[in-house]
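Structure first, commentary second.
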Amino acid sequence: MPERNIVSWNGLVSGYIKNGMINEAREAFEMMPERNVVSWTAMVKGYVQEGMVAEAETLFWRMPERNEVSWTVMLGGFIDDRRVDDARRLYDMMPVKDVVASTNMIGGLCKEGRVDEARMIFDDMRDRNVITWTSMVTGYCQNNRVDIARKLFEVMPEKTEVSWTSMLLGYTLSGRMEEAEAFFEAMPVKPVIACNAMIVGLGERGEIAKARRVFDSMNERDDATWRGMIKAYERNGFELEAIDLFGVMQRQGVRPSFPSLISVLSVCGALASLEYGRQVHAHLVRCRFDVDVYVASVLMTMYVKCGELVKAKLVFDRFPSKDVIMWNSIISGYASHGLGEEALKVFHEMPSSGTMPNKVTIVAILTACSYAGKVEEGVEIFESMESRFCVAPSVEHYSCTVDMLGRAGRIDEAMKLIETMTVKPDATVWGALLGACRTHSRLDLAEVAAKKLFEIEPENAGPYVLLSSINASRANWGDVAEMRKDMRNKNVSKFPGCSWIEVDKKVHTFFRGDIRNHPEKTLISMILEKTEGLLREAGYSPDCSHVLHDVDEEEKMDNLRLHSERLAVAYGLLKLPEGVPIRVIKNLRVCRDCHAAIKLISKVMEREIILRDANRFHHFKKGVCSCKDYW
């Protein structure tokens, strides 16, 4: 330029600042032959925008003159930097306090919980705009003073979408959902952020149907909408609905966010939905999220719960620097699959890698020892955990050790351990003992454990069922009937057993004895008959000892034949091609008869069957189970 004046110099400085080139802006500023208040203010604003508040402050105090904008910019810098005391001192020094400065100061004070101080500034203002009113309402809501916020909201001379949404968020964040619902209905316009807040709030209260109605009513949705609805389903046990919604999300071309993918991964693990799990893994790889240690842990958990332990180990081995969560995940994975030797190997490698076991690690390895019958190794770890790893035994560690001794038939030792516990035994401890008593038919100690469980969890049907099972195995039908009567009188209901299987990316759920409503019930019945015939030829003899009804043998056999896991396996045989493993999940522990039957099915049908029950995995192949019948 043949000629430059202060306007062109200011333009150059502002141009650099708008493009984030703060150092170049400062060089130009220093070269200026003369500067005015605009030059100085632009430079201060640039430093504030870049988060360099200390540099902005130094320059601000060097300014030969300041205008309202200069003061307001510096005030905003202090507030953004959470230097509220400095901001308050500057505010008090300001010769003119315009609406913008006062509103900023109100917002800054409210964020620090100084609501009463903010209200004093609010009350002293001669002119307020809708942003000022909204800031004050928001401040009260942020600090859980919702009733005062509502009173102020009601007297606002003008309200915007932001004002309405701020008030609604006050209700949802404080958990006052009934008032939030009424307020939401009254809103003249329901912006996306308000709808999202309702979905999250209702989801946290377990009101899934209402959350879905809000979701369905929305004309526009953003990433937080889908994320909130999927999370609501996942948190409340609606895994099938979460998977369905994820499918809709994909079909509509919505790119899932990181939190959505993590929620769906958790759902895939819960449902053992391997196909969707692989899809989510692919998304994470494409977005380069898979290099995160936390993501790796969630991926490992998903693959473990889907029965893909080899894949989980591949994810584990990829990471050179593993945190304790990753170590815990792989040990827990081996534990749930009954691979005690492998779990112990990894456990002993852990300290040499520089990661010390924590209390979760000890629970995982004790569980592994319990499921694999590694009693001596498990007892040694339990007795030395405090001296070796500085982890004091908690109720979870005692529970695992009681379970480990009980499974091995050392029930008297388990009882002695309970009597010497340094913490009060809880339901998991007595439940572990009761389960062992059922396995080894120890009615004497079973009654002791059941009595304790009735006191701790009077509404839990589990102890009644286990005690009834022991009595049924001894044909004590009078005691079984008495138990059932006691359950009815106390309004205790048994949780229904169900199993599910994924076929063609759709999860099919089966309940005991009920395929009447399934569209392919005829074909399922034919498969059941076919397998029954093959099982009889192979020498299968039903174990009716734990059927909880005094009925004839034929009815007992029908009862066992239609257990939910048998129905799910039959559907897998019907729908899945040869060579594809049949993966079934059951919400309760598999019964002994079904375990024996599925072992034989894997042999006579020449299929690999992977069953995950409430406790662990069973890999059936060629008539053998991975648990080696120790479960």
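The backbone N, Cα and C atoms fix where each Cβ goes, glycine too.
Confidence annotation: the repeat 'PPR' (5-39) carries a mean pLDDT of 95 in the model. The annotation repeat 'PPR' is assigned in TrEMBL to 5-39 (among others).
Here the repeat 'PPR' (67-97) has long-range neighbours at 37, 40-41, 44-45, 47-48, 51, 53, 56-57, 60, 104-105, 107-109, 111-112, 114, 117, meaning same-chain residues at least 6 beyond its ends whose C-beta is under 8 angstroms from one of its own. The repeat 'PPR' annotation in TrEMBL covers 67-97 (among others).
For the repeat 'PPR' (98-132), the list of distant contacts is 68, 71-72, 75-76, 78-79, 82, 84, 87-88, 91, 138-140, 142-143, 145, 156, 158-160, 163: same-chain residues at least six beyond its ends, Cβ to Cβ under 8 Å. According to TrEMBL, the repeat 'PPR' annotation covers 98-132 (among others).
The list of residues near the repeat 'PPR' (160-194) in space but at least 6 beyond its ends in sequence, with Cβ under 8 angstroms from a Cβ of it, reads 130, 133-134, 137-138, 140-142, 144, 146, 149-150, 153, 200-202, 204-205, 207, 210, 214, 217-218, 220-222, 224-225. If you look up TrEMBL, you'll see 160-194 (among others) marked as repeat 'PPR'.
The repeat 'PPR' annotation in TrEMBL covers 222-256 (among others). Long-range contacts of the repeat 'PPR' (222-256) within the same chain, counting only residues at least 6 positions beyond its ends with a Cβ under 8 Å from a Cβ of the stretch, are 192-193, 195-196, 199-200, 202-204, 206, 208, 211-212, 215, 263-264, 266-268, 270-271, 273, 276, 283, 505, 507, 509.
The repeat 'PPR' annotation in TrEMBL covers 323-357 (among others). Long-range contacts of the repeat 'PPR' (323-357) within the same chain: residues 293-294, 296-297, 300-301, 303-305, 307, 309, 312-313, 316, 364-365, 367-369, 371-374, 377, 389, 391, 612, 616-617, 619, 626-628, 630-631, each at least 6 residues beyond the stretch ends and with a Cβ under 8 Å from a Cβ of the stretch.
According to TrEMBL, the repeat 'PPR' annotation covers 358-392 (among others). DSSP places the residues of the repeat 'PPR' (358-392) in helix, strand and coil in these numbers: 29 helix, 0 strand, 6 coil.
Mapped onto DSSP classes, the domain 'DYW' (539-631) shows 34 helix, 16 strand, 43 coil. Residues or ranges marked as domain 'DYW' by TrEMBL: 539-631.
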